[in-house]
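Per Swiss-Prot, the features are:
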| type | residues | note |
| --- | --- | --- |
| DISULFID | 230-232 | disulfide bond |
| DISULFID | 264-267 | disulfide bond |
């Protein structure tokens with residue numbers, strides 16, 4: 001399995017972890033756009049982060065990470081569903097991006113929004129400044145500054161692989177004394193901080209855990225598959241056209257030379273609607289779906 005998340009627990013301390021490995025879904029996202037290497041790396045890190053966060057949540061819905069700035073990289077966005085389906089996109093000015101560009105040069109004065117959109121229930125959004133040296137530090141800062149469980153991230157991507165590690169301190173169970181809990185938490189963090197980029201990207205999960213925590217009692221759970229999937233569809237595109245109203249849809253059809261084309265920014269899928277399709281959209285509630293003709 002090339003794309004998966006995997007949970008682990010420390011038996012003697014109140015800490016849990018999550019690891020993510022992405023290859024095929026990451027390649028699928030990069031294949032849709034000719035991203036510069038620094039952008040591709042950041043996008044991979046954000047994909048890994050989104051998958052890590054979904055692994056810590058019990059919900060049915062969508063998690064969205066969206067970073068915005070007024071720099072060379074104006075938008076970085078990843079969605080991960082509770083079904084562990086990922087997609088991502090970036091908007092950038094290639095002429096302003098150097099080969100060694102980092103987060104701060106790409107997205108100066110940026111902000112990161114973390115949105116949890118459940119199928120049922122209230123939508124939640126948290127916002128943090130992109131003021132860390134990398135995305136992992138920004139996310140860790142968000143959890144440190146909010147009323148969340150203490151959480152740390154380690155993220156790496158190289159244009160072919162994206163990997164992530166998350167550690168989270170749980171409410172008291174094995175340990176109740178605050179100083180003991182803090183010492184245990186600091187201990188697992190200190191060991192994780194010794195990870196190199198090569199190790200995080202290259203080691204399989206059992207080997208990585210043994211490398212870090214061979215003196216601890218750690219339980220590693222089964223792998224949970226992750227995959228790329230875009231939620232766009234012809235039906236959604238048709239609904240977007242229908243929402244314009246018949247007069248505006250027909251005007252758009254005329255302006256575009258007899259065929260309205262809607263492109264998905266995430267996957268580059270193209271949905272085309274001709275005059276017959278537009279007429280069918282407004283033919284009444286009992287009409288059939290638009291034809292499957294594409295141009």
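Placed from the backbone N, Cα and C atoms, the Cβ positions cover glycine too.
Taking the features listed in Swiss-Prot, we show where each one sits on the structure.
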{"residue": "230", "record": "disulfide bond", "Cβ within 10 Å": "19"}
{"residue": "232", "record": "disulfide bond", "Cβ within 10 Å": "18"}
{"residue": "264", "record": "disulfide bond", "Cβ within 10 Å": "18"}
{"residue": "267", "record": "disulfide bond", "Cβ within 10 Å": "19"}
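Straight-line distance linking the Cα atoms of residue 230 (disulfide bond) and residue 264 (disulfide bond), rounded to a whole number, equals 9 Å. In this structure the C-alpha atoms belonging to residue 267 (disulfide bond) and residue 232 (disulfide bond) are separated by 8 Å. Of the recorded residues, residue 264 (disulfide bond) and residue 232 (disulfide bond) place their C-alpha atoms 7 Å from one another.
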